[in-house]
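Listed features, source TrEMBL:
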BINDING   Asn13, Gln46, Asn66, Gly76, Asn77, Asn170, Asn203, Glu221, Arg222, Gly231, Thr232  substrate binding site
ACT_SITE  Cys75  active site, proton donor
ACT_SITE  Cys75  active site
ACT_SITE  Cys230  active site, proton acceptor
Amino acid sequence: MKLKFTKMHGAGNDFVVIDAINQHIDFGPEEWRRLADRRFGVGADQILVVERASSPGVDFRYRIFNNDGGEVEQCGNGSRAFVRFVVDKGLTRERSIRVETMSGIIAPRLEEDGKVTVDMGAPRLDPAGVPFDSAGLVGRPQGVDTLWPLALTVGGAEQEVLVSVVSMGNPHAVQVVDDVDSAPVAETGPLIEHHPRFPKRVNAGYMQVVDRHHIRLRVFERGAGETLACGTGACAAAVAGIRRGLLDSPVRVSARGGELSIAWAGDGQPVYLSGPAVTVFEGEIEI
Ligand SMILES: N[C@H](CCC[C@H](N)C(=O)O)C(=O)O
């Protein structure tokens with residue numbers, strides 16, 4: 001079939017966005033994976049599929065597929081691209097939208113300056129909520145957060161990495177590093193992503209604290225590898241840093257692809273993510 005799509009990015013985290021309201025899409029994981037492939041398809045970190053909502057009081061539903069074709073619960077940068085898309089396509093006249101995702105309702109808002117702020121909902125930090133298997137592990141209390149030791153085998157040598165586990169609807173394991181540029185993201189990112197203690201795999205965050213209101217962040221994403229920015233990863237890192245007493249809200253997050261801003265008022269409160277959403281080109285592909 002001929003498929004119309006829009007190529008977008010949020011701070012360098014790139015997407016293929018599909019209008020599934022005006023196009024009938026009946027793809028499986030293989031088609032999503034081929035569409036996201038950077039050689040055999042259009043290429044993107046994630047595919048975003050825009051549908052009419054099925055629940056009352058909600059405007060849209062959007063589904064998220066990683067580069068590996070797997071459907072996932074949440075995408076922070078994607079939620080901003082989604083808003084830019086539905087406004088630019090005239091699918092809504094609203095600027096504040098309630099949208100249903102696999103992990104619940106989020107509320108993005110298109111600001112006058114073109115940035116988008118998203119109420120990403122409240123984080124979960126209990127292992128069952130992530131999901132994370134903490135059986136037999138002794139957590140290391142750090143402030144009001146707990147650090148969990150992950151045993152990794154890197155180059156044949158055993159090492160232990162201490163991570164905060166946070167769910168933003170999707171799972172994150174965040175560690176503090178001295179310098180993100182020299183952090184072993186390529187070596188340990190895949191090992192953390194596939195660690196047996198994360199039954200649904202996990203996004204691996206590497207956070208460098210610049211000051212109490214600023215971090216540098218790299219994320220090896222579940223199902224996509226290292227991306228230039230990760231919205232939910234930025235939320236998870238800011239939450240972990242605030243709970244550990246290392247950061248104060250708001251937190252400026254410098255990713256390799258651009259700047260994001262996170263605000264969080266503490267336990268049980270929603271995390272607000274702000275940042276850019278850019279349309280790169282429109283296209284059509286036979287798939
Ligand atoms: N790789 C993520 C989904 C995309 C999240 C990221 N692109 C964002 O902006 O939040 C996962 O498997 O949970």
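Placement of Cβ uses the backbone N, Cα and C atoms for every residue, glycine included.
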### Message
Quick check: with Asn13, Gln46, Asn66, Gly76, Asn77, Asn170, Asn203, Glu221, Arg222, Gly231, Thr232 left out, which same-chain residues have Cβ atoms within 8 Å of the centroid of the substrate site Cβ atoms?
### Response
Asp45, Ile64, Val72, Gln74, Cys75, Gly78, Val219, Ala224, Thr227, Cys230, Gly233
### Least Cβ-crowded entry, counting other Cβ within 10 Å, from the binding-site residues listed as Asn13, Asn66, Asn77, Asn203
Asn66
### Query
In angstrom units, rounded to an integer, how far apart are the Cα atoms of Asn77 (substrate binding site) and Cys230 (active site, proton acceptor)?
7
### Longest CA-CA distance among Asn13, Gln46, Asn66, Gly76, Asn77, Asn170, Asn203, Glu221, Arg222, Gly231, Thr232, per record bound to substrate, angstrom
16
### Query
Between Asn66 (substrate binding site) and the residue listed as 'active site, proton donor', what is the CA-CA distance rounded to a whole number of Å?
10
### Query
Which recorded positions (Asn203, Arg222, Cys230, Thr232) fall within 10 Å of the residue listed as 'active site, proton donor' by Cα distance?
Cys230, Thr232
